[in-house]
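A.B. asks: One structure is given below, represented as structure tokens, and several questions about it will come after.
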Amino acid sequence: MSKVLHLDTSIQTSNSVSRRLSAAIVEKIKASHKELEIAYRDLAAHPLPHLTETIFASFQSSDVSWLTPAQQADAFDSASVLAEFLAADTVVIGVAFYNYSIPSSLKAWIDRVVVAGKTFNYGADGPVGYAGGKRVIVAIARAGVFADGTPFAQREHAERYLRDIFSLIGINEIDVVVAEGLAFGPEASTAAVEGAMKRIDALSAAI
């Protein structure tokens, strides 16, 4: 049975384009798999705590008896997040674009799954990823336009970061669907979403 991990990050709900796109991707995957297990996390509605010294220390040892009950709960949640990620064959992420980058809630999740000794390690020739074989599909919604070749391209720190961080842990099969220019009026917004949906349709053959 194939397993999908579906993440959403937008603080918006009904008006969120990234949520709409990520849901469309998951529906495409469901249509091509008779047996599919889907785990869903809404990182905006149920954010993970940001990384702390005690959570970081818990990554290094399975013995958490020295932690307070509250810290033990955080450590258990972190371990659950990592296990959920490792179990997934495909990860679908709806990414809101805030202040040129990803939401902090997604960064908190990343800090639970990009862990030295768990999903990568340092070798003689640099980092070695352990999470290869997974597919990551990212749906990004941007109010402005930051595509390559545009004046603000160098201020795009979401797609680039996600490609880099997943590559660190050995995942190089990353598809990115972008809807941008959403703040440029109804016609531009509609065209952007329609273009992103066509991109999702094109991806579906390989899903």
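Even glycines carry a Cβ here, placed using N, Cα and C.
Take a look at what TrEMBL says about it:
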DOMAIN    2-202  domain 'Flavodoxin-like fold'
BINDING   Ser10, Ser16, Val17, Ser18  FMN binding site
A.B. asks: Mean pLDDT over the domain 'Flavodoxin-like fold' (2-202): what is the value?
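C.D. replies: The answer is 94, the mean pLDDT of the model over that range.
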A.B. asks: Using DSSP and collapsing to three states, where does Ser10 (FMN binding site) fall: helix, strand or coil?
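C.D. replies: The three-state answer is coil.
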A.B. asks: For Val17 (FMN binding site), list the number of other Cβ atoms lying within 10 Å of its Cβ atom.
C.D. replies: 24
A.B. asks: Inside 8 A of the center formed by the CB atoms of Ser10, Ser16, Val17, Ser18, which other residues of the chain have their CB, for the recorded FMN site?
C.D. replies: Asp8, Gln12, Asn15, Arg19, Arg20, Leu21, Ser22, Gly94, Ala96, Ala141
A.B. asks: Please report the three-state DSSP label of Ser16 (FMN binding site).
C.D. replies: coil
A.B. asks: Tell me the Cβ contacts of Ser16 (FMN binding site) under 8 Å, same chain only and six or more apart in sequence, or just say none.
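C.D. replies: Once residues fewer than 6 apart are set aside, Ser16 (FMN binding site) is near Asp8, Ser10, Gly94, Ala96, Ala141.
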